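Q: Mind looking over this structure? Questions follow.
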There are 2 protein chains.
Amino acid sequence: MNKRMNIGLLGFGTVGTGVLQIIQDHQDKLVHQLGCGVDVKKILVSDIEKKRDVNVAPEQLTLDPQEILDDPEIDVVVEVMGGIDDARSYIRHALENNKHVVTANKDLMALHGSELLQLADKQNCDLFYEASVAGGIPILRTLVEGLASDRITKMMGIVNGTTNYILTKMSKEGRMYDEVLKEAQALGYAEADPTADVEGLDAARKISILGTLGFSMNLDLNDVSVKGITDVTSADLHYCDQLGYTMKLVGIANRCGDKVEVSVQPALVPHEHPLASVDDEYNAVYVYGEAVGETMFYGAGAGQLPTATAVVSDLVEVLKNKRLGVNGNSVVIPQFDKKLKTDEEIYSKYFLRIHAKDIPGTFASLTSLFNEYGVSLEKILQVPLSEGTLAEIIVVTHAVSKKNYDTVLEKLKSAGVVVEVKSSYRVEGEMKK
Amino acid sequence: MNKRMNIGLLGFGTVGTGVLQIIQDHQDKLVHQLGCGVDVKKILVSDIEKKRDVNVAPEQLTLDPQEILDDPEIDVVVEVMGGIDDARSYIRHALENNKHVVTANKDLMALHGSELLQLADKQNCDLFYEASVAGGIPILRTLVEGLASDRITKMMGIVNGTTNYILTKMSKEGRMYDEVLKEAQALGYAEADPTADVEGLDAARKISILGTLGFSMNLDLNDVSVKGITDVTSADLHYCDQLGYTMKLVGIANRCGDKVEVSVQPALVPHEHPLASVDDEYNAVYVYGEAVGETMFYGAGAGQLPTATAVVSDLVEVLKNKRLGVNGNSVVIPQFDKKLKTDEEIYSKYFLRIHAKDIPGTFASLTSLFNEYGVSLEKILQVPLSEGTLAEIIVVTHAVSKKNYDTVLEKLKSAGVVVEVKSSYRVEGEMKK
């Protein structure tokens, strides 16, 4: 039996506490898997005195990151402090000292993942970040290993629990956005400042990480077109349900040939699509591979234990690799040049809801505008509004280029018969291809 | 750049052909992942002359397994021939010659997995079998790695595409079993002799493999209590839908403390459970871990490319291990003694449908019988039958021990007011755990 292995923790919030707890509770299992025990030697905290919910000795805590980053006895650094600048510099420092790194930091990996992976590769170190995407779902591992011999052409993910909770409650209970948001905040599903969630930024970070790995192409946050859920209304949800769709905030990464498109937006999926029944705060990532076809991975996207479990799974992998002397071999560096689709090349179906004058000829003048830009319609729903002079018109288009669709949207705004363009959403997942 | 690596294929049916095709089509990707190319040196076939759909040279084919098993140049043997006795003896022979093995053979792994894994471990060889459970879903890898630091307490799987297709069509289209079975046979989703599928045996093999791995306990096929779908009627499906459930043929592996229960049966899951929306020929495995909570993995369960992809993913793993010199480390041997729950310890809710005399006092005499054995009821539905003198009574019980429930079932058969016990199913997945 070899010596025990030492790790250092950067950060001791919810996730850090969970990681320590799991390591303490599972020593037997760790010894079985690794052939040696694991000790958390040092933990970087911002307050030494603070009372902790977990069994920790005062000498395990430090205010000084160097005590971890420069300690030759520490084999692996686990970064669960969050934030960008300090985390980045500590991880760089750790890698430069030939320490392996496990991180749960999606903000950091979405912004500087490529740089850090390059450094890890150069240093022959492991850098794992499973917990950064969807805590309870081992999706990164699956993309790297399970689908290794396939070619992935599409990923669609419900990767933000807060917005999925809000949309689920709005859809199923007919409630208003503001009210459900408040409830989500009270339940701890949404932050006091929910901007990053509801504006789609959190989901954008995750889909950029997924796209980078799945397509082996260095996609960053700026490549993701982002739209959040703050404008979604009960009326939209009502009509989308009526037409057979469920609205979800989805991150989409599409590949066609060697060109890709990455976006986040509320989109409509058919009721029978596997993503449609992913409810409440749950996450799921749907992957289409040329060989395996449709697959979907479902689970808790966040939470202390799911996230800490993902971190510890990565840690076990790193430690196994270390005992085998094969660290650094699993670092995956994007191998293809980035090529983004133009708006002419992004094809999609759309749901469009407008208020128009309820007079003869309205629909004819709309369809002639659609026709002009090659937009053909698959579904049409027209209902008179209670006001009497207005009609609610909802159409679902056939697939059309984003360029043409956006042009039509613009033209509609100034079309005489249109009073207001109420909403417009992508429709996804219709072909079970 | 090192020498190329050689593999031998045992069997050249649908899956074997797919494996060869993928290896031929993905040489670039394989070189990138492995640092060397991969050649299929020899393929064991039963007919050398047969015309093949894939590019293969006559000298690659052989009728003699020794040409593969005893060839020192062959590093890995891929068994895709199926069957038990020959496959077992060839795999043993390969392992004894220190060759690594990838197999897609669930029948073999369910019956002799433990023996073969022990041998692989002794020989320091890899033995991977991802394709044996649910082709397109990397579930075994996930159990071993992704959930490595969690404790799994429940697995529920829709692991047979044929029966899922039949139940989906019966449920959604109100069609009869025989008619849908014929259609499934015509479409190639069901075999000419569908017994292994419809009687639940195929699912039993898979859940025994999942249970063995997830609980690290040597469960074999005889430990699985099995019931198929041949008795399921349209009326059952109608009432289960009406009460809010979807019927699925599920393999269940439950752990409570150190005792387990493994079974396959048509069971009812609530409409909102993630398994309920797994339709048609798709498979899904739902896993509950103490830390990560609910996860589910969805995808194609069979088919040439999904299965071949799983085989090639395993192969890539073996070849990576070989280049790293770490083969045999990933072989997982059950570490706990097998302890099966008794009927007193298996708790479940049940759906029960009976025909009873439509006379005053019927329900009272039923409930007094239920009461006697501690069976309490959660849902009750009583409708008069068109015959006039009979009532259709459907109840859903609260959780009760299998022992008590079975006793009540027996007593019901001889109770004066009961004309016939029509059907009885487990109800699962009600608590979200």
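We number each residue from 1, going along the chain as drawn.
Positions of Cβ are set from backbone N, Cα and C atoms, glycine also.
Note that the coordinates shown come from a computational prediction; the quantities given were computed from them, not determined experimentally.
Pasting the feature list from TrEMBL:
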type: BINDING; residues: A:Leu10, A:Gly11, A:Phe12, A:Gly13, A:Thr14, A:Val15, A:Gly16, A:Thr17; note: NADP(+) binding site
type: BINDING; residues: A:Lys106; note: NADPH binding site
type: BINDING; residues: A:Glu191; note: L-homoserine binding site
type: ACT_SITE; residues: A:Lys206; note: active site, proton donor
type: DOMAIN; residues: A:351-426; note: domain 'ACT'
Q: Measure from the Cβ of A:Lys106 (NADPH binding site) and count the other Cβ atoms within 10 Å, all protein chains considered.
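A: A count of 21.
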Q: I need the least crowded one of these binding-site residues (A:Gly11, A:Gly13, A:Gly16), counting other C-beta atoms within 10 angstroms of each C-beta.
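A: Among the binding-site residues A:Gly11, A:Gly13, A:Gly16, the sparsest Cβ neighbourhood within 10 Å belongs to A:Gly13.
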Q: An 8 Å radius from the center of the A:Leu10, A:Gly11, A:Phe12, A:Gly13, A:Thr14, A:Val15, A:Gly16, A:Thr17 Cβ atoms defines the neighbourhood of the NADP(+) site; name the other residues of that chain inside it, in order.
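A: These residues sit around the NADP(+) site: A:Leu9, A:Gly18, A:Val19, A:Val80, A:Met81.
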Q: Let me know the most crowded of the binding-site residues, choosing from A:Thr14, A:Thr17 and counting other Cβ atoms within 10 Å.
A: A:Thr17
Q: I'd like the per-state residue tally for the domain 'ACT' (A:351-426) from DSSP, helix first, then strand, then coil.
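A: Residue counts for the domain 'ACT' (A:351-426) by secondary structure: 24 helix, 34 strand, 18 coil.
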Q: Could you give the Cα-Cα distance between A:Lys206 (active site, proton donor) and A:Gly11 (NADP(+) binding site), in whole Å?
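A: Just about 21 Å between their Cα atoms.
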Q: According to DSSP, folded down to helix, strand and coil, what is A:Leu10 (NADP(+) binding site)?
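A: Its secondary structure by DSSP: strand.
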Q: Quick one: what's DSSP say for A:Glu191 (L-homoserine binding site), helix, strand or coil?
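A: In the DSSP reduction, A:Glu191 (L-homoserine binding site) maps to coil.
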Q: Using the alpha carbons only, what distance in Å do you get between A:Val15 (NADP(+) binding site) and A:Lys106 (NADPH binding site) once rounded?
A: 14
Q: In angstrom units, rounded to an integer, how far apart are the Cα atoms of A:Thr14 (NADP(+) binding site) and A:Glu191 (L-homoserine binding site)?
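A: With the alpha carbons as reference points, the distance is 14 Å.
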Q: How many Å lie between the Cα of A:Gly16 (NADP(+) binding site) and the Cα of the residue listed as 'NADPH binding site'?
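A: A Cα-Cα distance of 15 Å.
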